[in-house]
Amino acid sequence: MTTFNEYPFLAELGIKAENNDGVFNGKWGGAGEIIKCLNPTNNKVIATVRGAAPEEYETCIQAMLAAKVKWALTPAPRRGEIVRLIGQAMREKIEPLSKLISLEMGKIYIEAKGEVQEFIDVCDYATGLSRSINGQVMPSERPNHILMETWNPLGLVGIITAFNFPCAVLGWNAAISMICGNVQLWKGASTTSLITLAVSKIIEKVLVENDVDPAVCCVLIGPGRTVGEQMIQDKRFGLISFTGSTEVGRRISSTVHGYFGKTILELGGNNAIVVAEDADIELVLRAVLFASVGTTGQRCTTCRRLFVHESLYDTILERLTKAYKTIKIGNPLEEGVLVGPLHTQSAVKEFTEGLEEIKKQGGKVVIGGNKLDISGGNFVEPTVVAIEHDAPIVKTELFVPILYIMKFKNLDDAFAWNNEVPQGLSSSLFTNNQKNIFKWLGPTGSDCGIVNVNVATNGAEIGGAFGGEKETGGGRESGSDSWKQYCRRSTNTINYGNTMPLSQGINFN
């Protein structure tokens with residue numbers, strides 16, 4: 001039994017109840033296995049998609065190769081205008097698209113709407129960037145010479161995105177990659193196939209209406225073991241951008257770097273908030289609540305570790321427990337709900353098995369810890385656990401709403417505990433002490449790619465570069481100078497004189 005007819009907004013997005021095409025190479029098709037798209041609120045089928053057959057991969061590549069040169073030669077401001085129009089088209093569909101994200105992914109509606117807005121914001125940012133991407137011009141030591149650099153497209157870019165941000169992460173990558181002059185192949189998570197379809201149809205319409213080869217943005221829906229494997233093995237890609245687990249990212253890294261290809265890897269996070277003794281408790285509580293339970297603990301930047309100074313520990317724990325008791329759990333499309341379901345039943349298993357291991361390692365559940373029986377969906381209670389900082393499980397990432405709380409005496413210890421895990425994505429310090437702030441931001445502070453003060457670990461703005469260090473992968477997406485990763489840099493020396501002087505004063509006469 002399907003739930004398709006309960007959601008009229010699906011038709012607004014061009015989605016059918018059965019056999020939606022899952023391959024786009026300028027034209028829609030799909031000859032592979034049928035994918036059942038589930039609603040995590042009740043685990044009923046929403047609709048079905050026919051995924052890609054292995055042989056359809058090459059049709060996408062050939063279509064991209066055919067579109068590559070013309071798109072690369074299109075002036076960057078014109079490419080930026082196309083991206084602006086994509087953002088505008090997304091803006092016009094923000095309501096039904098946000099509802100679809102809530103329905104298929106499981107995050108609450110207001111967060112889903114924020115995700116679509118993030119895609120729109122990146123398009124706006126990329127549009128402006130299309131008129132300002134540039135290389136440096138540097139003084140030459142030789143007379144009548146110019147030393148400069150140019151940035152050219154990589155050609156083919158592969159974008160593999162995860163279930164938790166099935167719309168925004170495409171925007172981070174595709175909007176920037178497009179203004180840089182690349183053509184892209186997108187493989188979204190199989191469990192969010194309808195979102196992949198809806199976004200792709202919006203992009204396709206803009207490209208066609210503006211006489212751009214729609215193969216500039218191709219799509220393959222299918223499992224990673226087939227579609228993803230074909231992509232990472234293909235040396236024709238100038239870049240593979242992957243968002244997902246550290247385990248899969250490690251394999252992608254070894255494969256792509258094995259043939260000296262380029263990657264952007266956004267992998268696991270094990271993010272911490274450090275609460276100093278002078279912290280503003282009200283700020284702490286608001287930040288921790290959103291950071292730990294937002295998106296049901298399924299953000300890369302979710303706060304998983306909370307280090308609290310001993311003088312504030314009891315107060316923070318008591319008030320945080322009270323706040324957790326007020327959280328409304330349920331259908332993410334219902335107003336007032338703060339926590340929706342986990343995305344899959346396997347995530348529920350990760351939650352229950354993770355708690356068993358936590359207890360074996362001395363952890364004590366302060367609040368939560370239960371699987372919930374709500375409408376047959378993947379619901380669990382957001383959970384707070386008291387545990388030692390060096391318990392082995394604390395160094396792994398459980399992608400569920402479990403928050404570890406730990407007490408410290410010395411701020412230097414808390415800084416060290418923040419850094420002792422293999423991951424290095426996001427971190428935040430709550431303090432009003434200027435010395436501690438700049439120590440936290442400096443070489444002996446946090447070793448993460450995102451280092452905040454008095455804000456949550458999650459909810460990053462698009463203007464900054466997003467990414468982390470260590471086993472988080474080292475890649476950067478979205479803002480700042482992340483655009484450089486989607487380009488090929490060349491250093492140029494131009495002689496406009498009549499002599500041939502050599503650098504470093506060499507005389508080779």
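Note that Cβ sites are derived from N, Cα and C of the backbone, with glycine treated the same way.
Among the features that Swiss-Prot reports, site 'Transition state stabilizer' is placed at Asn164. Look at Swiss-Prot and you will find Gly244, Ser245, Thr246, Glu247, Val248, Gly249 tagged as NAD(+) binding site, backed by similarity to another entry. Taken from Swiss-Prot, the feature active site, proton acceptor applies to Glu266. Residues or ranges marked as active site, nucleophile by Swiss-Prot: Cys300.
Of all the recorded positions listed (Glu247, Glu266), Glu247 has the fewest other CB atoms within 10 A of its CB. Comparing Gly244 (NAD(+) binding site) with Glu266 (active site, proton acceptor), their Cα atoms are 7 Å apart once rounded. Compute the center of the Cβ atoms of Gly244, Ser245, Thr246, Glu247, Val248, Gly249, which mark the site for NAD(+); besides them, the chain residues with Cβ within 8 Å of that center are Phe242, Arg250, Arg251, Ile252, Leu267, Gly268. Of the recorded positions Asn164, Ser245, Thr246, Asn164 has the largest number of other Cβ atoms within 10 Å of its own Cβ.
Taking CA atoms as the reference points, Glu247 (NAD(+) binding site) and Glu266 (active site, proton acceptor) are 12 Å apart. Per-site Cβ counts within 10 Å over the recorded positions Val248, Cys300 peak at Cys300. Taking CA atoms as the reference points, Asn164 (site 'Transition state stabilizer') and the residue listed as 'active site, nucleophile' are 8 Å apart.
Closest by Cα distance to the residue listed as 'active site, nucleophile', from the recorded positions Thr246, Val248, Gly249, Glu266, is Glu266. For Gly249 (NAD(+) binding site), the number of other Cβ atoms no farther than 10 Å from its own Cβ, over all displayed protein chains, is 22.
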